[in-house]
Amino acid sequence: MGLRKKSTKNPPVLSQEFILQNHADIVSCVGMFFLLGLVFEGTAEASIVFLTLQHSVAVPAAEEQATGSKSLYYYGVKDLATVFFYMLVAIIIHATIQEYVLDKINKRMQFTKAKQNKFNESGQFSVFYFFSCIWGTFILISENCLSDPTLIWKARPHSMMTFQMKFFYISQLAYWFHAFPELYFQKTKKQDIPRQLVYIGLHLFHITGAYLLYLNHLGLLLLVLHYFVELLSHMCGLFYFSDEKYQKGISLWAIVFILGRLVTLIVSVLTVGFHLAGSQNRNPDALTGNVNVLAAKIAVLSSSCTIQAYVTWNLITLWLQRWVEDSNIQASCMKKKRSRSSKKRTENGVGVETSNRVDCPPKRKEKSS
């Protein structure tokens with residue numbers, strides 16, 4: 001993500017520079033319209049669709065819990081409105097972190113323009129990954145997925161989600177959708193846009209797939225693992241930008257990165273390949289949320305394997321490029337050292353007769369008569 005330059009001059013209203021400088025305020029005004037809609041009876045029902053989770057069903061509470069009923073959720077068309085509103089919230093939070101945290105650090109550290117772009121990108125992702133890891137781990141613990149791992153492939157009831165599970169997925173979709181307008185707001189370079197689009201698209205594809213196929217617990221576990229590895233990656237980048245002596249941390253991150261991909265593959269294969277295949281139903285129907293069909297299993301497993309192979313290949317190519325660049329830099333440094341040593345030898349009189357050598361006595365000036 002690029003760094004916005006704030007000029008002291010006020011740009012014309014509705015100009016491109018005006019929108020870039022004040023996009024957070026503009027988005028806040030749009031969000032306020034939905035909040036003000038709650039005040040009036042005629043628009044309250046429409047505003048609630050954007051602000052709260054939709055498609056809920058009341059089910060009886062368990063016997064060991066308190067009497068009454070609890071609400072479970074499924075997905076539907078109205079979720080698009082909720083995702084849109086929280087996408088606006090993500091844009092506002094993004095601008096707040098950029099202005100009040102990252103921009104102040106940039107001024108203190110006095111980074112170059114290239115480092116500013118990398119620092120801003122790593123800073124934004126670090127905050128998001130850190131918050132998502134804590135939130136996702138809390139959901140896994142509260143829904144007993146760690147104490148009962150079978151819940152990873154068994155949702156009860158099959159096509160329903162709890163409030164916190166659905167809100168987590170809505171928030172994730174909103175964040176990654178907000179990354180598209182941020183490419184414009186942050187003045188991303190044209191050569192970086194394809195890489196960013198692939199990165200955003202892969203996250204949206206897998207999060208949406210887990211959400212629509214009701215693989216909520218499996219998707220949540222894989223997201224936590226993935227976000228943890230990415231968090232270490234961007235944290236190492238932040239330390240490296242602040243001081244290049246932390247370059248060894250990047251090598252440590254590469255090991256954790258490979259291990260994280262292996263764990264993700266193992267969990268995916270065990271869950272999708274064995275457990276879903278072992279509980280084959282006679283009349284599966286993916287439209288009702290039952291993903292225990294051959295096409296869905298092959299799609300989920302192949303998608304997980306493909307993305308892990310793609311990301312790992314990118315890491316290998318990146319390290320090969322760095323290795324080639326480092327070797328070229330070392331070769332150029334050796335040439336410079338050799339040229340400097342040869343110059344010193346010539347200056348010291350090695351192979352050349354000169355009176356400026358150290359071991360030669362200085363010439364005495366002849367007195368004029």
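From the backbone N, Cα and C atoms, a Cβ is placed for every residue, glycine too.
Swiss-Prot assigns Ala81 and Gly219 to topological domains of the same name, so the membrane does not separate them in that record.
The stretches the transmembrane segment (197-215) and the transmembrane segment (82-102) do not meet in space: the count of Cβ pairs below 8 angstroms, excluding pairs fewer than 6 apart in sequence, stays at fewer than three. Of the candidate ranges 30-50, 165-185, 220-242, 298-318, 165-185 contributes the most Cβ pairs within a distance under 8 Å of the transmembrane segment (82-102).
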